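Asks: Please see the structure below; I have some questions.
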Amino acid sequence: MEKFPLKRTSAGPHPSSSYQAVSKKYTNGHPLENGQNGAPSRGFPDDEMIDIQTTNSGDHRHTRLEDDDGVSHYSVSYSGTTDTAGDIPGIGQYDDFHTIDWQRDIARDRMRHRHIVKKKQDSFWNLLEGAHDAWSGWLCVLLVGLCTGAVAGVIDIGASWMTDLKFGICPQAFWLNREQCCWSNETSFETGNCTQWRTWPEILGQAKSGAGPYIISYLIYFTWALLFAALSASLVRMFAPYACGSGIPEIKTILSGFIIRGYLGKWTLLIKSVGLILSVSAGLSLGKEGPMVHIACAIGNILSYLFPKYGKNEAKKREILSASAAAGVSVAFGAPIGGVLFSLEEVSYYFPLKTLWRSFFCALIAAFILRSINPFGNEHSVLFYVEYNKPWIFFELIPFIGLGVIGGVIATIFIKGNLYWCRYRKYSKLGQYPVTEVLVITALTALIAFPNPYTRMNTSELIYLLFSQCGIANSDPICDYNRNFTNVKSAIDLAAAGPGVYNAIWLLIIALILKLVMTIFTFGMKVPCGLFIPSLCLGAIVGRIVGILMEQLAYNYPKNWFFSGECSSGEDCITPGLYAMVGAAAVLGGVTRMTVSLVVIMFELTGGVRYIVPLMAAAMASKWVGDALGRQGIYDAHIALNGYPFLDSKDEFQHTSLAADVMQPKRNETLSVITQDSLTVDDIEALLKDTEHNGYPVVVSRDSQYLVGFVLRKDLNLAIANAKRMVDGICGQSLVLFTSGNPPQTLGPPPLKLKKILDMAPITITDQTPMETVVDMFRKLGLRQTLVTHNGRLLGVITKKDVLRHIKQMDNEDPNSVLFN
């Protein structure tokens with residue numbers, strides 16, 4: 001007997017990760033089916049494996065082996081001997097670019113749980129095992145929260161230091177960024193009289209200002225930006241192609257039950273974290289908040305393998321990933337509740353109450369760890385804390401809703417422009433030169449950004465400046481009002497805007513146009529890049545400009561009825577920073593189509609709980625305008641562009657087709673079936689060789705076509721290979737039986753009984769079932785396939801791929817764009 005009876009003769013190569021996710025498995029526009037010529041097959045091409053047990057063969061155990069990218073493999077042991085070296089593909093594991101069977105995975109977990117509960121009374125050890133099983137979910141999300149908080153702290157500190165490195169250095173302690181360098185000298189950072197911090201011209205012995213120093217600063221800024229961007233793009237290209245982009249569209253797809261191997265692996269986590277620091281420091285128009293969700297989910301995926309309950313079960317693992325996504329937003333914005341709502345509203349597909357509590361706990365721990373690290377060096381863990389709490393006037397709801405409308409329009413321009421560019425990148429030669437594209441965009445951004453002070457500064461600093469109120473300490477031109485501050489604590493009066501304010505407005509309008517154009521070209525490049533901060537920045541610029549105009553209106557006409565007497569006392573009754581906050585929420589809401597989570601994130605981000613109603617009004621107006629001008633938010637649009645098989649639970653199926661119109665095979669074509677007791681091993685092996693289906697219906701006979709059950713291709717392959725090695729006498733002429741009764745005695749070889757691998761309760765529908773119902777079943781039950789019958793006789797099969805292609809066809813889109821094995 002061979003030592004490794006199930007070992008592959010030629011192991012398939014490690015999947016090569018390509019930049020274009022869609023082209024990964026395609027040749028000449030057509031998907032390569034497993035086993036088809038063109039690419040070596042990766043083991044058996046189906047998704048799941050029920051445990052195959054041999055009767056009376058003693059002990060039967062599983063041993064998990066972990067591969068490089070966090071993929072589990074299993075070895076099966078018989079008769080008390082464990083073969084851990086045998087790399088046996090398939091058992092308990094899905095293949096790349098397949099969808100998971102939610103029902104089956106959840107049923108397997110219930111069986112495992114019942115087994116543990118039943119054994120609890122047997123011994124003290126079993127009692128401990130049961131207790132560990134009960135709290136392993138909480139322990140796993142605790143670890144995810146701890147690691148996510150720590151990684152986020154490192155990223156925040158690294159990004160702020162490297163961003164300041166473009167402008168100068170702290171000679172006494174080079175590891176300090178500008179703000180920390182100035183604290184160490186105990187001088188006022190606000191006034192800019194910080195002697196410890198040296199700009200690059202000063203280091204090179206030049207004066208602080210003048211034409212020469214300006215040119216030197218410009219050149220050094222440009223050089224650092226190119227260096228950081230080149231490093232980030234090269235790391236992504238060489239080590240982890242999946243680390244590019246925001247990651248949220250892919251996380252949504254993975255949470256809906258799709259497998260993308262390596263997307264949440266160790267290399268992706270490492271390169272995404274390092275690349276994110278570099279690309280943010282390069283001054284590109286991108287944020288680090290979206291990729292934090294990807295980083296947190298990668299941490300969740302890696303840590304779930306410490307707990308077999310989650311590591312071995314893809315449906316259970318997605319509960320941990322949902323909690324991880326909440327932790328990602330929690331550390332990105334210092335908004336734990338917003339993170340939980342973001343996970344619920346935006347990314348999660350299956351979100352039971354248990355997952356809600358765990359997400360809450362995970363987000364809490366992550367926010368606590370980040371607060372302990374205190375990367376921003378202030379007493380608030382929020383990014384853009386606002387000090388003002390002036391009540392808003394009822395009339396202001398009109399400009400707030402107006403900002404919502406403007407936000408929806410800006411968001412639509414951004415989504416349409418970005419999609420056009422990403423499509424062009426994908427189908428043209430540009431996609432073959434990812435690093436060159438990054439360098440060109442970085443060079444253009446650095447050249448254009450440096451002359452304008454509002455585009456030169458860090459985007460987060462700009463947002464903070466736009467959100468804040470003009471007080472005695474603000475020296476920026478945007479606060480150039482004709483005010484005389486006699487007392488620091490006196491109320492801020494309404495005042496006429498000075499020339500600095502109008503100059504700042506023009507610079508902000510230029511910054512708005514530049515940032516919008518640069519973000520269109522930047523989002524989707526092959527570096528880690530998020531979308532939240534650029535969107536907030538665009539909205540904050542528009543909001544601040546509208547706020548200044550409203551403030552001047554109140555100054556010039558304080559007695560007007562619509563200010564309802566609030567402005568007649570001469571005190572500052574309009575807060576331009578509030579308008580910036582509302583505008584930021586409007587654009588971000590229009591781009592992502594978030595509503596509830598957006599409002600909560602915004603008031604957690606700024607501490608402005610008083611302004612929930614203006615934020616709600618703007619977010620709602622922005623969503624309505626966005627939905628009217630374009631159907632999809634940016635993430636759903638990118639899912640469609642990449643062809644991921646995502647059945648959105650928010651969409652409605654509005655067509656009147658029936659199951660008979662969608663099922664395979666079509667009329668007058670033959671359906672590949674297995675009969676319950678009349679096929680030999682040779683017949684089944686020939687069927688597996690000639691067809692590439694992931695599973696086969698089992699029927700009573702070819703004439704009757706009455707359904708018995710459903711068997712998966714992978715199960716058949718493994719069961720036949722095992723039987724040939726383990727059971728004496730099994731050969732090509734052996735009958736394969738899916739029945740439990742004893743067969744009539746014949747002179748031929750012994751039969752092969754495979755009833756154990758047969759699914760006796762497959763989900764079935766009739767051929768007259770409306771497709772609306774079928775699509776609902778696929779969404780809500782997480783099905784992989786359903787069998788179609790007529791009067792109890794089998795007619796065909798509908799798979800998730802068939803459903804997705806049918807929806808595309810009915811919407812007049814290309815049905816072959818769906819990426820699927």
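Even glycines carry a Cβ here, placed using N, Cα and C.
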Asks: Kindly point out the range from 531-550, 611-630 that TrEMBL annotates with transmembrane segment.
Replies: 531-550
Asks: Write down the single range among 292-308, 462-478 that appears in TrEMBL as transmembrane segment.
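Replies: Going through 292-308, 462-478 one by one, TrEMBL gives transmembrane segment for 292-308.
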Asks: Given the ranges 355-374, 435-454, which one is assigned the annotation transmembrane segment in TrEMBL?
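Replies: Comparing 355-374, 435-454 with TrEMBL, transmembrane segment matches 435-454.
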Asks: Roughly where does the domain 'CBS' (758-815) sit in mean pLDDT, to the nearest integer?
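Replies: When the pLDDT values over the domain 'CBS' (758-815) are averaged, the result is 91.
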Asks: For the domain 'CBS' (758-815), how many residues does DSSP put in helix, in strand and in coil?
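Replies: Final tally across the stretch: 23 helix, 18 strand, 17 coil.
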Asks: Can you tell me which recorded stretch out of 292-308, 435-454, 504-524, 531-550, 578-603 has the most Cβ pairs within less than 8 Å of the transmembrane segment (320-344)?
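Replies: Of the candidates 292-308, 435-454, 504-524, 531-550, 578-603, 292-308 scores highest.
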Asks: Tell me, please, if the transmembrane segment (531-550) and the transmembrane segment (135-157) are in contact, taking contact as 3+ Cβ pairs under 8 Å between residues separated by 6 or more positions?
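Replies: By the criterion, they do not touch.
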Asks: Look over the recorded stretches 135-157, 292-308, 393-415, 504-524, 578-603 and say which has the most C-beta pairs under 8 A to the transmembrane segment (435-454).
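Replies: It is 504-524 that shares the most Cβ pairs under 8 Å with the transmembrane segment (435-454).
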Asks: Mind checking which residues of the chain, 6+ beyond the ends of the transmembrane segment (578-603), have their Cβ under 8 Å from one of its Cβ atoms?
Replies: 329, 333, 335, 337-339, 341-342, 344-346, 386, 388, 390, 392, 399-400, 403-404, 406-412, 414-415, 463, 466-467, 531-532, 535-544, 546-547, 550, 609, 611-612, 614-616, 618-623, 625-627, 632-636
Asks: Do any residues, 6 or more residues outside the transmembrane segment (393-415), come within under 8 Å Cβ-to-Cβ of it, and if so which ones?
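Replies: Distant Cβ neighbours of the transmembrane segment (393-415) are 516, 519-520, 535, 538-539, 542-543, 546, 550, 562-564, 566, 573-574, 579, 582-583, 585-591, 613-614, 617-626, 628-630, 632-634, 637.
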Asks: Same chain, outside the transmembrane segment (504-524) by at least 6, Cβ under 8 Å from its Cβ: which residues?
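Replies: Long-range Cβ neighbours of the transmembrane segment (504-524): 245-246, 284-286, 410, 413-414, 417-418, 421-422, 425, 441, 444-445, 448-449, 452-455, 462, 476-478, 480, 531, 534-535, 537-538, 541-542, 544-545, 548, 634, 638.
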